[in-house]
Ligand SMILES: [Mg+2]
């Protein structure tokens, strides 16, 4: 049997929310004085956009096949990732059988080792890989979750990330993950303010709902351990990404010193099986959180997940909407999912990648149902009203 071949691969860029969910206009909880490693510089403390968190924008990769099928994916990476896709990666894709995902991934990764391995290049590789999975799903008229082994559960419970874990509980979520607002540079006052908000949330949510802290790489080992112990009385379920991703030793030290029952989660800024091998073997985490749009795409996420399972670790992907949902439904060690509350006040459920995807499923009463994913590929279409720009052309 000969499979259709890939006849075209194009990279576009987009501004304004969506896959680059930090690229928001106007007041939004996601840019409201969140603790970051840049907070040691007071001028960059108030807003993450002030130091360029939204500088990249969304990357859209579109792939077409000889049978007339097409697929696409969105991730971050913007113009520089579009250049990498068009000028470098496209050579490994054009003319390939639509089934050649492993060979294409290995060639994209191996050929970019001299300037890649993590970050932007892996954003670009992820975008191509996800577009090819979507294309294969359209060629086969199958949802992605079915192509990777099928669903292991009918419903997927979700927790909500955002400024209002209390409202998330009312909306039916398992609980909420709160962004930490103050880091070590804001001293004892900041430490106290962090705990005051946590206590308020716990008081409103009741004793049983999940409550976690997302520290976005902002702490040091000492601060993280003190914060975790002070937060234990408020039932903190996990502390997330307490130190920068290159500090594997710091993650391991913090995890060892956590109060009984509290978990460490990390990995959204990590990439490939080799990065996650370090996290697993060094005892850095209890929950691994690869972002399928950043870690190397679905092809690599499946390898990361197998490695994690052998270490007894959960894999709960970071954000990523449908790209995560198809994966999570098919993995026994991914028993719940993250949902990013992208309403500016985190007070209602809106599609995570709005306005870029049409047909994007959202949790109802905090749960996704497998029937919401029953469409070819990742089951979404690219909004035709978007102002797509194609800044580079291959060749
Ligand atoms: Mg996070």
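Quick reminder: no glycine exception, Cβ is built from N, Cα and C everywhere.
Just so you know, TrEMBL annotations never went through curation; they're auto-generated.
Checking the candidates 214, 220, 222, 286 against TrEMBL: the one annotated together with 240, 268 at the Mg(2+) site is 214. With 22, 338 listed by TrEMBL as binding substrate, the candidate from 40, 45, 48 annotated for that site turns out to be 48. Proximity of the binding-site residues 48, 214, 338 to ligand 1, judged by a Cβ distance under 6 angstroms to any of its atoms, singles out 214 in sequence order. Residue 268 (Mg(2+) binding site) and residue 318 (active site, proton acceptor) are 6 Å apart (CA-CA, integer value).
For the domain 'Mandelate racemase/muconate lactonizing enzyme C-terminal' (165-261), the mean pLDDT of the prediction comes to 98.
Each residue of the domain 'Mandelate racemase/muconate lactonizing enzyme C-terminal' (165-261) gets a DSSP state, and the totals for helix, strand and coil are 51 helix, 13 strand, 33 coil. Residue pairs drawn from 22, 48, 338, the listed substrate binders, are separated by up to 21 Å at the Cα level.
Of the listed recorded positions, namely 240, 268, 291, the sparsest CB environment within 10 A is found at 268. For residue 268 (Mg(2+) binding site), the nearest of the recorded positions 22, 48, 291, 338 in terms of C-alpha separation is 291.
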